[in-house]
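Structure, as C-alpha cells:
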Amino acid sequence: MWVSTTRGLSYLSFNAHPRRHFSDTEGLVPNEFTGQACHRNDTGSLLFGSREGLVDIEPETLLSSKAAVTPLALSEVRVNNTLHQLGGTATKPLILPYGAMASFEFNITALKGQPHFDYRLVNESNVPTEWTTINSRFLLLEPLAPGNYLLEVKDSQFDGGEVIRYAFSVERPWFLSTLLIAGGVLVGGGVLLAALYWRSRTFNEQNLQLKQAVYQKTAKIELQKKQLNASNMQLQRILEIRQNVMAQLSHELRTPLSLSLSMLAGLKDKMPPMSQFDVVEKNIAHSLHVAEQLLSCDALALIEPEKRCEQRVAPIIQACCISWQVEAEKKQIALCLEDNTSQVSVFLAPYHLEIMLGNLLSNALKYTDRKGGITVNVREMKSQLVISVSDTGRGMTEETKAHLFESYYQEDPVFSPEAGFGLGLSTVKQLVELYEGDISVISYQGVGSEFIIRLPIYRSEFVGVDTALEHADGAETKQNILIATADDMMKETWASLLKADYHVVFVADGYEALIAMSDQAPDMLIADMCLPGLSGTQLLQRLVEELPADYQPRLMLVAEENDVDHGEVLLAGWAHAVLSKPLNTSQAFVEVSRLLHSLKAGNAEDHGEEPVNTAWRDSVKAWWRNISTIRTLVPLPPQKPCLCLSAVCSVNSSRSSVSPLRITSPSSVSRRRP
C-alpha cells in the first residue's frame, strides 16, 4: 500500500506497518502532495498530484533503489538524573554504581511526530533479552545486577534500520567485593580450623575419659567375674551336697512307703471290703506319688502343669475329707462336708485338687482349738467351682493376711514339729493361679477364718460308670453299639441303619470313645479313622491293650482305602472288621449283624447258655463295682482335651459314728488307680 503524506511517500504493509518512507531526499518534490489526486494506470505506474504537477512513479524502480539510512542517534545519558554523557562527548565507558538508575535519550534526524524504538539488553554471557518497544525518546533502566551489559536500540518503524549499541557495566556492591569475599573466606576458614582444633582436643579428652571408664568397668567386671566364679564353685558344692542328701532321702523315704504299700496290698485281700485299709492305702499311694515328684523334680514339681485330665469333684473332696478325719478326731474337731456338686468335673492334673484342699484342711486343723469345728462347703456358682474351708480358730491379723500367701512366711516363726516351712498356702495359691482360678481369705481374730477357692468348671454333667451300666440294664433286649465319628453325614447314615435293631450311642472324639468303652461296656465299637484326639487305629490299639481280659467287644474300623492298610489292621488284632469309604450300607449292616451274632454265640459257649444270654456284661458290671479304687488317667495330647474318672472309695458307715463327718453329696463312684 502506497500512502502520500505531507512529508513524503510511504510504503506500508497490509496491516499498516511502515516498510519504507521516501522524502525529498529520495528525489521527490519538496512540497506536499495534493489530497485525493492519485491514480494507478494500466502499466502499473502510480500518478500523484502536487503543486508542482503530476508525479509519475514506477513502484519496482523506487523500491529497488538503495534506502536512505535513518539517522538514529543517542542524545544524552543520565545516571540517577545526573548528566553523564551528552551526544558523543563521553571519553570513558559508563560504569553504574550498584543500585543506580540509568536513563537514555534517543533522536532521529528529520523525524517529526511520535518516535517508536525497540531495545534489548545483552548480558556478559551474551544472552539477549526479548525486544521491547517504547513510544518515547527516553529509556529508563531499573537497577541491574552487577555485571557487563550491551544496550541495543533500533527504530521500530522501518525494517533494516540502523541498530545503535551502547556498552556499560554495573559495579559490585561493597559486600560482594573480591576483597571482602576473600576476607570472609579467610575468617570462615580460621573459625572452622579453630572449631576443628577445639573439637579434636575435646574428643581427645573424651576419648581419654572413655578409656579410663572402660578400664575401670573392665576391672569391675573382672572382680565380679572372680566373685561369680567363687559363688559358682560354692553353689556347685551345695548342689553336690544336695544331690547326696536327696539320694539318701529318696532311699529312706521311697523304700518304706513302697514296702508299706506292698504289705497293704497283701493284707487287703484278707480284710473285709470297704475297710479303713482302703483309706490307708490311698494315703500311702498319694504320699508316694508326691514324694517321687519332689525327689525327681524338686518342690516345683507340685506346680508344674502335668498331664491334665477331667476329674469328678465330689469323690475327690470326700476322699480328702476322709483322709483328714483321723487328724480331726485326735483334736476332737468336728469336720463337716457340704457338697452340692455331684455331677461337676474340673480339668486338672492328678492330685492337684487333693493338694489344694489338703493344705487348707491342714492349716485349719493347725489353728483350730480342741472341740472346734471345720466346715468344707463345695458349690457351683456362675460356671465356677467354689470350695470354702472355714474354721472356728483364733483368726489372724491384717498383717498376717497381707503376707499369708508368701513362701516361707509363718505367723509364729518359733520352730515346732507341727509348724512346717510356710509353703502350704503359697503352693495352694500357685496351683490355683495355674488353672486360672483365685483364692481369697476372710478372717476375724477370735472368730475364725475362711479360705475360698474358685476354679473354672470343665463339665457340669458327668456321666459315671454306674449310670452307663444302669442304662445298659434297661436295654437288655437290644445290643449296645458305640459309634465314634465326627462326620454328621456318617452319624445320620449309621443312625438310620442301626437304630431300629440296636441301641446306638455316638461320640465325636477318640478320648471320649476310650472312656465310654470303659464306662458303658458296649457290645461293639465302630470307629472312624478320622477322629479328633485319638485316631481310629490309635483308639483300637489302646482298647486292645487296656480293656480287661473278660471284656471282649467287637471292634470295627471305617477308613479310606488309602488311609490305612486293612490287612495290617486285621493281622495286628486291632479290629474284627474293616469297612471302606464310601460306605456300602448293605454290606455294613450284614457285617455288624455277623459280628454281634458271633459275640452272642461266643458268650453262650463260654458260659454254657443260649446265645441270647448276656452274662458277660454282668461280669463286666461286677468287675467295675467290686474294685475299691478306680482312677483312669488319659494322657493329654497337645491342645486336645481328655477325660479322667476321678472318684474315691466308699467309707465304712462305722466311721461316721466316731467323728461328726457329714457328707451331703451323692454316693461316691469307685475308681481304679493307674
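Using the three backbone atoms N, Cα and C, a Cβ is placed for every residue, glycine included.
As given in TrEMBL:
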type: DOMAIN; residues: 248-459; note: domain 'Histidine kinase'
type: DOMAIN; residues: 480-596; note: domain 'Response regulatory'
type: MOD_RES; residues: ASP528; note: 4-aspartylphosphate
type: TRANSMEM; residues: 174-198; note: transmembrane segment
Per-residue pLDDT averaged over the domain 'Histidine kinase' (248-459), given as an integer: 77
Within the domain 'Response regulatory' (480-596), residues counted as helix, strand or coil by DSSP: 52 helix, 25 strand, 40 coil
Spatial neighbours of the transmembrane segment (174-198) far in sequence, C-beta under 8 Å, 6+ residues away: 146
Packing count at ASP528 (4-aspartylphosphate) (other Cβ atoms within 10 Å of its Cβ): 23
